[in-house]
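Single-structure report; data block below.
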Amino acid sequence: MTKRFALGIFDDEDVLMHAIENVRAAGVKIYEVFTPFPIHGIDDALGIERSRLPIAAFFYGMCGLAFALWMQIYMLGFDWPMIIGGKPHIALPAFIPVSFELTVFFTCHGMVITFYTISKLYPRWRTPVLDVRSTDDKFVMAIEINESTDLNNLSKLLRENGASEVNEKEMTKN
Amino acid sequence: MQHVSPVREPLVTGGKSYHDVTQDVCRQVEAAPNVRWMAALSVALFFLGVFLYSVYRTLWFGIGEWGLNKTVGWAWDITNFVWWVGIGHAGTLISAVLLLFRQKWRSSINRAAEAMTIFAVICAAMFPVLHMGRPWLAYWVFPLQNTFGSLWVNFNSPLLWDVFAISTYFTVSLVFWYTGLVPDFATIRDRAKGPIAKVAYSLLSMGWTGSAKHWSRYETVSLILAGVSTPLVLSVHTIVSMDFATSVVPGWHTTIFPPYFVAGAIFSGFAMVLTLMLITRVVFKLEDYITMEHIALMNKIMMITGSIVGVAYITEFFIAWYSQVEFEQYAFINRATGPYWWAYWSMMTCNVITPQLVWIRKVRYSIPLTFVLSIIVNIGMWFERFVIIVTSLHRDYLPSSWVMFSPTIIDIGIYVGTLGLFFTLFLLFAKFFPVVNMAEVKTVLKYTVDNGPTYTGHDPHHDLIHKPTTHGVPANAPVNYNKHD
């Protein structure tokens, strides 16, 4: 599906931050903002919800801990008990290191896999980018346009808010 | 909003703009390999060849090729294992601990330090895997059902804890490092001219576009990864030290080992980071990013951890005396005055005395002296592991089994070979990957003040003049300050 975008190009993140507020206040819906680096406070300005990744991470960690304890207690305590140095079969203090490592292992990998999945990041042959300078030094505000959009007004709004360029671009979204 | 301080030292010098950062970092990746890089790679590949030959001998003829003997069973391989794992720790420390402590100066060096971690852990892993003699059976260390029925691994053993610690550490460091690389790969992808580079970096960048939502999640992920990596890095070397401390060998069976090993790891890790950074900044012309301030700060961390290690050495001696255990006392007197006195005093000189020179400002800010110092520390830390392992084992409880240890040529080949492996990987990394984290460095450009406007070719006041005030920031707040204003 092909979509058309008006791209406001900004040279500075502080200008962009003010522009985001003003554009949203003017009732224009911002499709997406592309920046070369993370900007603090931009999620609030854009109204992006706080990520629930930390909650997911916590549950992955708990799964790791439960798995590690189950594995060690089951294997050494029930499935094949061995007397090692006269220690009890279920020697919980000795199980702490492995439990800790598996907690961390599950937290990290679970969270990172979730991050790539929900962000739809996966290796691909070609990456469609609206403006290649957005990974270098420009801050790009993309606004989806259709027949009813008044381009002149939109362009004026962006320029008034400090956009150094306003471009139009079509992109096929797959 | 960026906090702009008129008093703080700049983290990046030279009045760089965002585009300059991209240019400076991508230059290396985009240019054809230069002669110096090729020469360095050839040397590294030669030592990699030495490594492969030594591994071939070890696997074909068995670990009898090593100079191990019945008493000093672990001598050379575990020394090297612990040394390499220790070196890896600085990378995680810089990327995780310093991130949590909001030490923004880490931005310029974290990428290379993390790469160093990955490669050092790969080198470290070679030793336990090879010492099995039959590495194709290495999966036996994992709790897998085997053909003999339900016989499981022993979770009471610190050596098994090591398996879990090192695998977790390696994979977590790898995804931490890779996730950090993704936005920078996207930058290179969008600048790439050739079709191969375009496709390769497109694959590597996983379709990163830099959308605000992705950045927001990315930051969350980085912070949590840092949060869990911080205890992880401490646990890894703690567990490595427990390989020793849970035994009853004199000189090993001490509770000081975990903190002492962690401090030593950070100590040697920072020494290696310094060695590599001092070369990298010159070869890749990154003096504006890895500044003298960075070097001085790393030097200070090296000195602090070196002092902790020094205190640990003295404490060990004190405890040996205070415990009144004859064997313990003998082990330490033997370390200092026995047949391996030279190793002990090399360790003392390199690790305790030389780092104290960093107190002198001139040393801290001198590139040649720092370079020499970092090499000395690396040597010293290698001796530390050698002293702990060999001196405790070559004379234990039974005088009839006292022996000396000397490495064979294959032992030396494997050690020197892992250096070749390490530098081969590092050189390839430095050529094809961005050595400095561009995205993060861009965030700290305005953090501090430089002599000129941070953002060149654009009047910062112009766009903001008619804006209403938001977030308590005056509408006409300048986006950067000039030191001389």
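The backbone N, Cα and C atoms fix where each Cβ goes, glycine too.
Just so you know, TrEMBL annotations are computer predictions that nobody has curated.
Per TrEMBL, the features are as follows:
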TRANSMEM  B:37-56  transmembrane segment
TRANSMEM  B:81-101  transmembrane segment
TRANSMEM  B:113-133  transmembrane segment
TRANSMEM  B:159-181  transmembrane segment
TRANSMEM  B:221-240  transmembrane segment
TRANSMEM  B:260-280  transmembrane segment
TRANSMEM  B:301-322  transmembrane segment
TRANSMEM  B:342-360  transmembrane segment
TRANSMEM  B:367-392  transmembrane segment
TRANSMEM  B:412-433  transmembrane segment
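Here the transmembrane segment (B:301-322) lies next to the transmembrane segment (B:367-392) in space: the count of CB pairs under 8 Å, restricted to residues six or more apart, reaches at least 3. Of the ranges B:221-240, B:342-360, B:412-433, the one with the most Cβ pairs under 8 Å to the transmembrane segment (B:113-133) is B:412-433. As a quick check, the transmembrane segment (B:81-101) and the transmembrane segment (B:221-240) clear the bar of 3 or more Cβ pairs under 8 A, pairs 6 or more apart, so the two touch.
Taking Cβ pairs closer than 8 Å, the transmembrane segment (B:260-280) reaches residues 82-83, 85-91, 93-94, 109, 112-113, 116-117, 120, 234, 237-238, 240-241, 286, 290, 294-295, 298-299, 301-302, 305-306, 308-309, 312, 316, 351, 355, 367, 370-371, 373-375, 377-378, 381, 384, 426, 430, 435 in its own chain, all 6 or more past its ends.
In this chain, the transmembrane segment (B:367-392) lies close to the transmembrane segment (B:342-360): three or more C-beta pairs between them fall below 8 angstroms, excluding pairs fewer than 6 positions apart.
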